[in-house]
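Annotated features, as they stand in Swiss-Prot:
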BINDING   48, 49, 50, 51, 52, 110, 114, 251  substrate binding site
BINDING   237  heme binding site
């Protein structure tokens, strides 16, 4: 071996793994990296699969953080929740960037393998559905999509019936002494949240006296961050779909771009947006 080809190996580097776990074993890379099964011979289908699988991994982490944050807020541990929610926002920014990679797929390339997808669609992503549930956008009718898998259906049913991030945030307002209407506190949490004047009045007071309600103010801003990022993700999703398939119907049966444009108007924390006008 020539002098300039020598590999410098530090003395402490481990090389014997006969009885020790390797990096690949820890991450179960054999399983992870063998999960990209193309259904066509088209080169670009690999891009399509990897982008969506990577997004699902990020969504798994988002759910991990959201659920932990919800539990922390329930227990009045707001500071740890702030860290978790900040991490969610960082993950969201990462997922948004992935649309730039998928956008390198042209209409001519996608049409070569689109039929291989059958009726499979991102609309069926159960993790995305659970994220919506965790944020308070409850859609009971969507459970029908998951009836094929009883175990998965049960998990989504449980998520539908669990308090959302906004539910526990409103409870935090109550614990601070704000008078929230009983209809809000006793509402059916399996239904989409509807804005309420008493909740808006409470958040308005929080924003009007930040020093007094610093933790609630920080919580509110973390929620706004998450919804802001989610709306940006939805917009990039819509524009990427429009760029690749135009206004064709989605593989899952939706109206495609028209549907994605409509969901841009959905809000998770309406009062937090309203107070910005009223301050």
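Along the chain as shown, the residues are counted starting at 1.
Cβ atoms are placed via backbone N, Cα and C, with glycine included.
Here residue 110 (substrate binding site) comes close to 44, 48, 244, 245: these same-chain residues lie at least six apart in sequence, with C-beta atoms under 8 angstroms from its C-beta. A simple way to gauge crowding: the CB of residue 49 (substrate binding site) has 16 other CB atoms within 10 angstroms, across all the protein chains here. Taking a C-beta cut-off of under 8 Å and a sequence gap of six or more, residue 50 (substrate binding site) has these contacts in its own chain: 36. In the structure as shown, the Cβ atom of residue 52 (substrate binding site) sits within 10 Å of 14 other Cβ atoms. Taking Cβ-Cβ distances under 8 Å and a sequence separation of 6 or more, the neighbours of residue 114 (substrate binding site) in its chain are 245, 251.
Across the structure, residue 52 (substrate binding site) and the residue listed as 'heme binding site' place their CA atoms 12 angstrom apart. Largest Cα-Cα distance over the residues recorded as binding substrate, namely 48, 49, 50, 51, 52, 110, 114, 251, equals 18 Å.
A gap of 12 Å separates the Cα atoms of residue 51 (substrate binding site) and the residue listed as 'heme binding site'. Residue 237 (heme binding site) is 16 Å away from residue 49 (substrate binding site) when you measure Cα to Cα.
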